[in-house]
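Colleague: Following this message is one structure expressed as structure tokens.
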Amino acid sequence: MADRRSELDLPKAKRAKLAESDPASNPYLAHMYEEDVGYGNGYGSRNGNKNGRFEQTGLSNFQRHASTAAQAHTAEDGPGNPFNNVPLSNQYFNILKTRRDLPVHKQRQEFLDMFQKSQILVFVGETGSGKTTQIPQFVLFDDLPHFNNKLVACTQPRRVAAMSVAQRVANEMDVKLGEEVGYSIRFEDVTGPKTVLKYMTDGMLLREAMHDHNLTRYSCIILDEAHERTLATDILMGLLKEVALRRPDLKIVIMSATLDAQKFQRYFNDAPLLAVPGRTHPVEIFYTPEPERDYVEAALRTVLQIHATEPEGDILLFLTGEEEIEDACRKITLEADEMIREADAGPLKVYPLYGTLPPHQQQKIFEPAPPPARKGGRPGRKVIVGTNIAETSLTIDGIVYVVDPGFSKQKVYNPRIRVESLLVSPISKASAQQRAGRAGRTRPGKCFRLYTEAAFKKELIEQTHPEILRSNLANTVLELKKLGIDDLVHFDLMDPPAPETLMRALEELNYLACLDDDGDLTTLGKLASEFPLDPALAVMLISSPEFYCSNEILSLTALLSVPQIFVRPASAKKRADEMKDLFAHPDGDHLTMLNVYHAFKSQAATSDPKKWCHEHFLSLRALQSADNVRSQLKRIMEKSELELVSTDFNDKNYYTNIRRALVAGFFMQVAKKDPTGKTYKTVKDDQSVLLHPSTVLGVDSDWVLYNEFVLTTKNYVRSVTSVKPEWLLDIAPTYYDLSTFKAGEIRSALQKTMDKVKRKQATKRTR
Amino acid sequence: MSDDDEYEIPLQDQRVFGSGIKRRRVKFVPSTSGATSSVTSSTTPANSISDMYLRLVLPEGSEDDASIGNANFMVEHNKGEEISVSTCEICNLPLSSPPSAKSTTLRDGVADTGLSTSVPVSTTNPHEASFAHQVCLQHSHPPSHVDRNRKGLAYLSSYGWNPDSRFGLGASGQGIQNPIKVKPKDDKMGIGVVLPPESERRKTEKPTRLDAGKIKKLDEKDRKRTERLRQTFYQNEDVERYLGGG
Ligand SMILES: Nc1ncnc2c1ncn2[C@@H]1O[C@H](COP(=O)(O)OP(=O)(O)O)[C@@H](O)[C@H]1O
Ligand SMILES: [Mg+2]
Ligand SMILES: [Zn+2]
């Protein structure tokens, strides 16, 4: 086969067409091409109140950017809903009362004054003061986006927060989630034509910006939790700085929970800053006198100790990840049951909280603590075991005790070996302060730090490094190029990344043929940026029709984009492994996952998927979301006119084609077995790795392709598939140009393969 | 039961802990810097973080007018000094100090080494020889280790970034110059746990009796390790070529 790159870059008629396809058919741009009849939010394009078709609402006589807090107060009091005139419910008025007690409420007028006067505003307030839920509503009443066919966006770094907060605000505004208030996260859009307030992940807003550089559908953009400094928030800030100049009508609010708000102020050319006093109570801080040998065990014992000895009040324990959290929840529940039986302790309810938790389970953390088991018995207590999400993104009332082991899972990227991984690392002092603050929401609280005071002072860094300094930037560079930002050197980021990290990203994109040698976006690159996927995955998906297996690669891409589908409970590891073996494909994990998916879609499973998944130790949730992701990606493929094809299952090349298609995206993630036969070495980066214990690989393969590099004190590669060296040379000739390899085992093995291929071709020719 | 030796707490406390998790209590000590030091309290508005901001933002915040005035006063005071004393353009330090005895001896010392007396040293203001001034001078740094053939570098260079400039990226080159490094952790050890150094741990290992077979094996292991070390050091192609190998 010829060089795949040239094939993709010499556009077939079809590809050329899609590149220049009508922007009106682009889902991200649709709003720009709407005629006045089918407006974005159903309120009429201009002055809907004068349109005659619309009833008078509580907002009809409001003057845009000249309203007052008192006016808003009146409109909120009803009787009709200010946004749709529906009579307001009792629940609405109950919530309204508590909302008016929130610290931000007292400063509503002050907020409006500043909001009306300036284009960019920095707003600081402690967690729980009402930033996320109230400020966007303050904006709605003054900005009146629905009269101008616009929306207000409020970004959240986390999916969980976006969903949960949107639900809360829908309740507060007495509307149905998905109508006036909605949310949008990757692979899930819960908004409608009436939506005026959209909570969304920062990543989603960035994606929208790729198609609409000026974010024209929004009249106000609120960047919430800016102190978290996620990659997407940082890029958005750089972008909004530029958009603000091009769009004087756009209002921007930056909200942060921490002290370094001044840094934001300075960054936005001395934008005005409004601070709202917290409503927190003092928190007593305790340290352990000695370092703890096992922080998880110490954490569990501390939780139980609090339950046994401290007065009423809920507990928040910070741990690092799903597995650790689920395990801790189980153990605490078991222990607590025994305490209740043996020592008449109060009832204890334990709730996990992490990013991949389904929404209805996330909502549970807001349930009140259980009542005493019997009249006059000891009070019940609620324990929330969560990740960093509970640090600032979600406010949980009633927490009085915080247990802080001092760790969180943080992303790191090493551009020298091109490995991005999540590592458990000590948190920063700023994080520790935030965590402690969670204990003082309702009344004076206590924070138990499972480390010494000396360690706090000496070993914790001041601030967590922003994500942009810890990430692989391949995807970001692709997004920036699509945003039309070419000068990556001088792009005004708050914390620019290391040059080496950026160079790596540019080189990876070049090898993937998303950027040409001048660093310009190629047709493939433009197409890849349409997919909300890492570039390698996107390129694999786009190339898959050439390998006659786009249906299968589409399924695989979806499966690789969701959490682990295999469930392996500590109590039934053996049984789980046996079940996994039912699906095992000798050529590796990718094909095994594909087998699972096909079985999941078969009759046997679809009649009762829950039971089927349970029996086979599979995660129904993960498989269902893979299904959802698949259909979303399919839509983008169809729009891009990428064919959905399969090789006949009985063809001997069915699986070979899929493995070759994998190479088209992941040729930079290949390892070769060492001559010793025990470890593998990654190609070009020369890292010694082991196959992850979860690997299914029936054949003894010299070359493997992997999806993930797991960095621990031992290095593992996870989700591997056996590949052939001749495929590497054939499908990715630029990357596998032998002159770019260091002399060594890998180079000579590839050289041998190349010679063999040449000989074969020669004999073919002479025949 | 191995858990038995963990029983060290008063009887009345024992029952409240289940058997699965060890019954040893986690001890805590209060923070030395005051109970509420790190968290703000609404009852002490002057200390609250938010109030600090309010003071920045709200004109009414008059309590700290005095301190602002103070700061202004200090600035002005500094300015006053600047007028009377000329400062060095390079290090911004005052140039007032007269040649001290120490620097004279230094000059003598240089002369004693037999260098030509026309060397600028003799005419140099002693200030310029001072350490504080020297560190502010522009040095020529060794060039960056970055491979000049990298495509990524070509891109960044075309937008004006120079790997040898010791500047990072960003609007004013303020970005970090090297990627952040983190050590992987795959144990459950708490923050601040220090394991005894390798050598001490080895000391506590029981001495094992050796026989001929074991000695041979150890020997073999040693040899392999040496080999591996050699490999690591000399596997570099250029070095190998230089050494006449390959
Ligand atoms: N899902 C929810 N259920 C019940 N109450 C909530 C929910 N989300 C927020 N609240 C209430 O709203 C208050 C303000 O929360 P929020 O706006 O998230 O504050 P901030 O963004 O400043 O941290 C919280 O203190 C809590 O009382
Ligand atoms: Mg918030
Ligand atoms: Zn000087």
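Placed from the backbone N, Cα and C atoms, the Cβ positions cover glycine too.
The model shown is predicted, which means the values in this text are computed figures rather than measured ones.
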Colleague: In TrEMBL, which of the ranges A:1-24, A:457-480, A:601-624, A:625-648 has the region 'Disordered' annotation?
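Modeller: Feature region 'Disordered' in TrEMBL: residues A:1-24.
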Colleague: Restricting to the same chain and to residues at least six past its boundaries, which positions have a Cβ under 8 Å from a Cβ of the region 'Disordered' (A:64-84)?
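Modeller: Residues 57-58, 92-93, 96, 108-109, 112, 115-116, 138, 140-144, 146-148, 173-175, 180, 194, 196 contact the region 'Disordered' (A:64-84) from elsewhere in the chain.
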Colleague: How many helix, strand and coil residues does the region 'Disordered' (A:64-84) contain under DSSP?
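Modeller: Across the region 'Disordered' (A:64-84), the residues distribute as 8 helix, 1 strand, 12 coil.
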Colleague: Mean pLDDT for the domain 'Helicase ATP-binding' (A:112-277), rounded to an integer?
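Modeller: Within the domain 'Helicase ATP-binding' (A:112-277), the model's average pLDDT equals 94.
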